[in-house]
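Annotated in TrEMBL:
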type     : residues : note
TRANSMEM : 41-60    : transmembrane segment
TRANSMEM : 72-90    : transmembrane segment
TRANSMEM : 96-113   : transmembrane segment
TRANSMEM : 134-154  : transmembrane segment
TRANSMEM : 160-179  : transmembrane segment
TRANSMEM : 191-210  : transmembrane segment
TRANSMEM : 285-304  : transmembrane segment
TRANSMEM : 324-347  : transmembrane segment
TRANSMEM : 368-387  : transmembrane segment
TRANSMEM : 393-411  : transmembrane segment
TRANSMEM : 423-440  : transmembrane segment
TRANSMEM : 460-480  : transmembrane segment
Amino acid sequence: MAAGGGKSDDFQPFPVKDQLPGVDFCLSSTPSWPEAVLLGFQHYLVMLGTTVIISSIIVPLMGGGNVEKADVINTVLFVAGINTLLQTLFGSRLPVVIGGSYAFIIPTISIALSRRYSTFVDPHRRFKASMRDVQGSLIVASFFTMVIGFFGFWRIVSRFFSPLAAIPLVILTGLGLYAQGFPQLARCIEIGLLALVAVVFLSQYVPHFLKSRRGIFERFAILFSVAIVWAFAEILTAAGAYDNRAPQTQFSCRTDRSGLISAAPWIRFPYPFQWGRPRFNAGDAVAVIAASFVAIIESTGTFITASRYASATPMPPSVLSRGVGWLGVGLLLDGLFGTGSGSTASVENAGLLGLTRVGSRTVIQISAVFMLFFSVLGKFGAVLASIPLPIMAALYCVLFAYVASAGLGLLQFCNLNSFRTKFIVGFSVFMGLSVPQYFNQYLLVSGHGPVHTRSTWFNNVMQVIFSSPATVGFIVAFFLDCTHSYGHSSVWRDSGRHWWEKFRNFNTDTRSEEFYSLPANLNRFFPSF
């Protein structure tokens, strides 16, 4: 009997943890300064990929060339640095990078391809005119986001959040970007696949072989992998391996085809209204407001991920709403400076928190300084921005997976033996992948979305919302969790609400003040309720 009792203890389920164990540096702790600087540079390197990808998509469609693209990239980096500092100091206080968002690409492209610019002969004038229209729409959308956040509307919504509703949101925040992973890696398979193997081997296998230097390889696997594969790509380019290849292959594989280094100025300070006075169009603004709504939902998934990998407690609704409000301030800066696209909490950087096991807020603030520094010194920033995109796609395969796994980790709070739980999780994740696939494939084949009315702004609103996996999955999960068998006595515990109940109010758990209170005792003037 005693032996049998011992065996039963071996099969006890793992205990539920409201703070993730195994993190080397939590939200409020800081590594040594040399290590923190290298980690901050690594975060800067990771966010560069999305910045270059978005700018490379929208700037040519707006009529810009390499010079305009370099200026836009530097502007995005400059504003991202400011927004990241604001978010970590006064917003959610989480270690999140605020960078470019894919959600704004559809309305930006719609503006860029509008017939109103058909009279422009000079591409540069057309670029500036379309950029000014995008700026006006971003400014209008910023007030929507600020109202949602600062007036507490998102706090009211988030009080109904449960771990069950958050699971599909966080999973799809990572998995929803699968198109930016291996499909982009495969554009130059010999470089991208090598980078993927390198980052997995250095971060997951080498630390077990070299236990004395385990932390070095876990924390700096991205830097090592990029340096090795980038040098290999340089050798292939110099050896003429791509001289007779297709133009698309040369663009993806060569290290000298981005056009950024020659086009970027040595020193340039981005400034507000650098493209001219913003112009306002109601239809454009509504579509961008829809994109900002998507950015709010996707950023919420990233915030939850960052709080887990920073070993912080779940965010109180007031803190989450405060973070959304500062996202609106970030959108306002995007519109004033003219970034061409809105901003959101960076998914890949949240995944990097999990890879490095360093969730320090200070590290992210150091990365923001790098963004500001390299945005002003354009030539130096352009050298790093010219890293072949298949290398960045290889990193995304790992980093987006870490974000998705953070969502899977929330399953510990729910009753996995409940058929209600199984249905809500499975159905919302499936619909979150299936519906956007339909909308995106329809757009690719037909040139327009399945919602094709005479109102372009309405078409764009539908396309933006339903092409976002995280948004679709969250809407489905949140609706089902709030309506399906809601009055049943077991639903409260099955959804995991009892685990998050003590974090509903800022002052209920003392750890909330440790992680989320504002600096310089500003909570006296801006209390969290």
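Using N, Cα and C of the backbone, Cβ positions are placed for all residues, glycine too.
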Per Cβ pairs under 8 Å, the stretch of 160-179, 191-210, 285-304, 324-347, 368-387 packing most closely against the transmembrane segment (393-411): 160-179
Contact between the transmembrane segment (160-179) and the transmembrane segment (285-304) (3 or more Cβ pairs under 8 Å, separation 6+): yes
Contacting positions for the transmembrane segment (423-440) when only residues 6+ beyond its ends and CB under 8 Å are counted: 164-165, 167-168, 171-172, 175-176, 411, 414, 449-450, 463, 466-470, 472-474, 476-477, 480-481, 484
Outside the transmembrane segment (134-154), six or more residues from its ends: residues with CB under 8 Å to it: 104, 107-108, 111-112, 275, 278-281, 284-285, 287-289, 291-293, 295-296, 300, 317-318, 320-332, 334-336, 338-342
Candidates 41-60, 191-210, 285-304, 324-347, 368-387; stretch with most C-beta pairs under 8 Å toward the transmembrane segment (96-113): 324-347
Contact call for the transmembrane segment (324-347) and the transmembrane segment (41-60): at least 3 Cβ pairs under 8 Å, seq gap 6+: yes
Best-contacting stretch, by C-beta pairs under 8 Å, relative to the transmembrane segment (41-60) and drawn from 191-210, 285-304, 368-387: 368-387
Distal contacts, the transmembrane segment (285-304) - CB-CB under 8 A, six or more residues away: 92, 94, 96, 101, 103-104, 106-107, 110, 134, 136-138, 140-142, 144-145, 148-149, 154, 158, 166, 169-170, 172-173, 314-315, 320, 323-324, 327-328, 331, 342-347, 350, 403, 406-407, 410, 457, 460-461, 464-465, 468, 470-471, 474
